[in-house]
Amino acid sequence: MDDIVMNGSPEVPPPQPPPEPVERPPTPPPPPPEESVAPPPPPEVVAPPPPPEDLPPAPPPPEPKKKKVGWGAKKPAATPLSVEELVRKKREADAAAARPKFLSRAERERIALEKRAKEVEAERRLKASNGVDRSATQSPSVSSEVNHSDGRTIPTGPRAMRSSDTPTAPAAMRNSHSHNKNRDLSPPPPPKSMSFGLASSKGDKRPVDDDEVAAQVALVKQRYMGADQTSTFSAKKKRKRTTDRKFNFEWNAEEDTSGDYNPLYQHRHEANFFGRGRLAGFGDDVADNVAKKYARALEDRDHEAGGIRAREILEMERRRREESTRNQLDKHWSEKKLEHMRERDWRIFKEDFNISTKGGSVPNPMRSWDESGLPKRLMELVNKVGYKEPTPIQRAAIPIAMQSRDLIGVAVTGSGKTASFLLPLLVYIAELPRIDEFEWRKNDGPYAIVLAPTRELAQQIEIEAKKFTEPLGFNVVSIVGGHSFEEQAYSLRNGAEIIIATPGRLVDCIERRMLVLSQCCYVIMDEADRMIDLGFEEPVNKILDALPVSNEKPDSEEAENSMAMSQHIGTKDRYRQTMMYTATMPTAVERIARKYLRRPAIVTIGSAGEAVDTVEQRVEFIAGEDKRKKRLGDILSSGEFRPPIIVFVNIKRNCDAIAREIKQWGFSSVTLHGSKTQEQREAALASVRNGQTDVLVATDLAGRGIDVPDVSLVINFNMATTIESYTHRIGRTGRAGKSGVAITFLGNEDTDVMYDLKQMIMKSSISRLPEELRKHEAAQSKPTRGFAKKNDDNSAFGSKGGW
């Protein structure tokens, strides 16, 4: 019974003892198996508990505690099992089991390894149990043959029936092999099972090496944790490959002692060069030291002649150093001298000020007023007027105009175009004889004419020009509508070097023989696109055709030669110079430029037709006059914007109505439109400029060229009919580098300009495009239409002369 318990459980029968051999008289019975050879171990099965009689005696029960006996003793209350408590605990256990538990990478690896180890152990046990089963189910004859001491098998039948195993070697080798096995007393291998003549290795066990275990672990990690995404690339390793073929000595460089005893290493030779010679890789400090050392050597050798030569060498080194630093990139263009500026510096300079030029032989812009090339007397007036830094159009246009080149300037409103053509004009006429020198010279007309689209712009240019002409002794006269011809003829009695006029009134004066242009050699067209929009193309052509042709420039490459164009024709006259300034370039303006300008240089500041970057554009969709008036009152009463404020409308009769509404709200207002006389216009502008009036209500008449300082807000009560008019309306604010706001009221009648308005607002960095305009159907594509009809106020100013 003890043997049964120790060797295995009752469920698995222990190996049976070998049966007795068959009784044959001639063959002696086989000896019994040796006890030293142990049978194969049974599978690891949990042993059953021993029978009750074999168990040790149980320990004595503990002595019961003395309980209180008597009337004070309490009976223990029976506590029934709480079903709710069990259900609650079960739910908590289920919830805890269902809740995902975070496992770190190390824990996941450990769990995977443990799981794999268990699988390997189970597989090993399964193989061991299969081997035991096969050994237990062997026939008694085979078992007796294997366990025989001398290894000789006892024949149990014919040889054909006894050779159940497939021979794997010659008989001699098989006998010696089995003999050695029996001599080592190792357990016999289990018999191989035959399956279709092929040996199966299911029951065989082979030793597993460490490399295979590591490979299996790596596969498990890759299966459960994914492939390793960490890159093993190393730039250092890649660089180290180049040193594989480098020969390394057995000693270090620190062990070199040749410098201690060899004088060649103690006194190294210094390379001395004469003149501009330099050693490759030496810096300027080393070159300076070499030059100074050589100069001292020359001076020590010959104090008189060597000193002169030493100073020449030092001066030569200084010039060489300046020449070398000229091409360095370490300084900004503002820190360099003019002669040290390179092409790259000029390109950066133009990008900083958003300047682009076209045309042959265009000079570089000026960085400051000191580089403008203006005469000293004119520079003093520039400083006196208060021009501190030139604007971008002034930086680019003045150097070109000073070379007697024809010029087309494309710039936004309020960019300082007036000074950019006035200053070169004064330099030009200063080289001509004085107009009051002879009586006949007074009657031949002015030296220069300046054309402006509106009276207000012409008078504004006149005020700006007199700041320079009066100290220089030049006479400036403005010829505009609204004044009598007799008054203007009286102004011309003493002659004038410069005449500033509107095209219509100037044509009237020419046709009335009040004025001739026999000696006019300088023509300026300011706001040329606006003049074309107002229908002044024909008057402009008449004026330009009335100019003399004797001093006209040739239409060839010679017109780009500044030296040839600056020379006098004959003894007194000079080549005619024509300048055109505009904000946009419509087809009609290009047609005039091709006809009357000779090889012009084109200067563009920013992009043509874009709004000023200093103006914040706001758009509000408001339908109906009453709602717009209410919104206008809210804006003016908010106190957010300081006067002066300009309100633009499209129809003249709306000006007075809106002005009356503004006065009822407690603000002072004036109107400016074509029905006003010249005196009324001048008085209205003067009141706004002086700060006496808060709000100016105007039509597009004031949309171009009117410079009212410090306008904080422009309100488009009615949207302009064209995007060009809108651009010049909002250009009344944000001038001279200051910021401003433009608010536009939109309605369904403005669908023709919604697309262009959307594009302009999108290009502005400080403006926000409203969602309603962005999604509006009319703003999705450019409308295909003809020329917009002009308002009555745009085509004429309402006065009798028409201009």
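Glycine residues also receive a Cβ, built from the backbone N, Cα and C atoms like all the rest.
Keep in mind it's a predicted model, so treat the numbers as computed, not measured.
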338-366, 367-395, 773-801 - the range that Swiss-Prot marks as motif 'Q motif': 367-395
Feature motif 'DEAD box' in Swiss-Prot, mapped to one of the ranges 210-213, 298-301, 526-529, 558-561: 526-529
In three-state terms from DSSP, label Ser415 (ATP binding site) for me. coil
How about long-range neighbours of the motif 'DEAD box' (526-529): same chain, 6 or more residues beyond its ends, C-beta under 8 Å? 417-418, 421, 450-453, 457, 461, 580-586, 589, 592, 704-705, 724
On average, what pLDDT score does this prediction assign to the domain 'Helicase ATP-binding' (398-603)? 85
List nothing but the one residue from Ala411, Val412, Ser415, Gly416 whose Cβ has the fewest other Cβ atoms within 10 Å; the candidates are the binding-site residues. Gly416
Just give the helix, strand and coil counts over the compositional bias 'Basic and acidic residues' (115-126), going by DSSP. 12 helix, 0 strand, 0 coil
Would you list the DSSP helix, strand and coil counts for the residues of the motif 'DEAD box' (526-529)? 2 helix, 0 strand, 2 coil
Could you check the binding-site residues Lys417, Thr418 and say which one's CB has the most other CB atoms within 10 Å? Lys417
